[in-house]
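Here the structure comes first, spelled out in structure tokens, and everything after it is commentary.
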């Protein structure tokens, strides 16, 4: 049975903001207390009743029959306000709405018309005052922290009339409405706001087409890359883009209710955390896709903590987790206290680092930490990672023993660490994260392959411009050598994998029949390991692990081919430092058409549905004639494929 005639309920809801039958006015004023209104907070009577308070918006006509029973705040306020104004006879001191155009042409006669206009308040709205008997009507002054709170406070009053959260409300608006609804004690407003946020999250999952884990989809044009692209533009408040709702929820963390006091919101967070992990997917995608990278950098510490704690946040190696954290701290560390940064750092599972990475990075991070403490420095670029030299040595030994499957040695090290380190912490955890997913790009498969629909490892495209190549060749003299660094297709400058930055390079000697393609390794600046923190330049070995470096070729109007490739394994070593060095393993790429492809292995054709116009060889000098099979669309192209 309906508690109220639906027509009456609709009529009452339609009275919001209307002067029809209005018997009071709500005026939002600036509070003398600093900070925004919070859920359940109370302002002093002098704030609400003081007529000297600065108005923040035009008065809102209201109806005591509605607001008295919908809001505990107004129910308590109304008797005091009416009695105060009747006793004080506040004639001429009650601000009311500006006149409507019709009222401007007739004699004022009513509660919200009449009187003279006396200037304007904030926002250039006119303030009108009552006179005579009308001055006895109550004006309810609602103290707010500032004009930015007015829309949510007005929406809370609207909810008192309608009992509904307006369609199209964003996550931020719903959280702001929740806060003002709690402040004004509007019955049912908080529950409705949280229900609306829950519905937005569900709709966001449906629009993304999946509630599971996102793939990296990098480089090769996989379907999940398109999903991540649709998730761009996360600053928008609309929920029609995949991932925008979950991102907006974490962007608004300062508006969150206390989950301990609001079980419904705790349930929302429980559902939101796996969706946040699914949105970002894995470290390779985040580090190498500009849109995802920017979204990560915009996350609050609590959002990053969700990713670092999750077993489902994929990675190629725990070293990439460390690089992701370093990248985030480099951007956000100066806004955080040391305790927050340390809490995040202790979520990296250092015991799972490869021994080659651990031998370089853990002592270096410990050295930087020690140097910053000695100098009284710190921050995101100086000794930011909390680790002692002794702990670095211990963990490096653990990583080495684990990689060599020396179970006895691992056990001895764990027993030795009892009482010295928190062996139950994530830092010493042996629980594995999900491996970075493969992308489903058929463009990465050889043409004619029966496995085109099978999953493929994530591939990162690179290219060298024809213009830059020709410029370098023009300056090449007999006996000379040129070297060119490739550009990552992502536009980020380098490819991030295995905790380092990788850049394909070519080297060519004058009049040589082939060029050499190799990898360069750089130490990411995000680690903050400069000469000042280390006491000198870093010279150490790094290994990319399992990866395949490829270069493309086109024969006339034929399809794209993988002209040559090199599979790296655990053995190739690269010297890392501020300037980076070259890999001692390289590919010989023949430049003459007569050179058989078999010299580097059988060329593999790659299907390609759309091709850019073929690139012509260089100008009259013919500098690029030997390179023309490798130039297409004005660029020499290839990929770095990160293998499991």
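Cβ atoms are placed via backbone N, Cα and C, with glycine included.
Owing to the predicted nature of the structure, the values given are computational and were not obtained by experimental measurement.
Looking at 171-205, 206-240, 241-275, the stretch flagged in TrEMBL as region 'Disordered' turns out to be 206-240. Your range for region 'Disordered', going by TrEMBL and the list 34-59, 60-85, is 34-59. Looking at 89-124, 125-160, the range annotated in TrEMBL as region 'Disordered' turns out to be 89-124. Taken as a whole, the domain 'BACK' (294-357) shows an average pLDDT of 95 in this prediction. Here the domain 'BACK' (294-357) is broken down by DSSP into helix, strand and coil counts: 45 helix, 2 strand, 17 coil.
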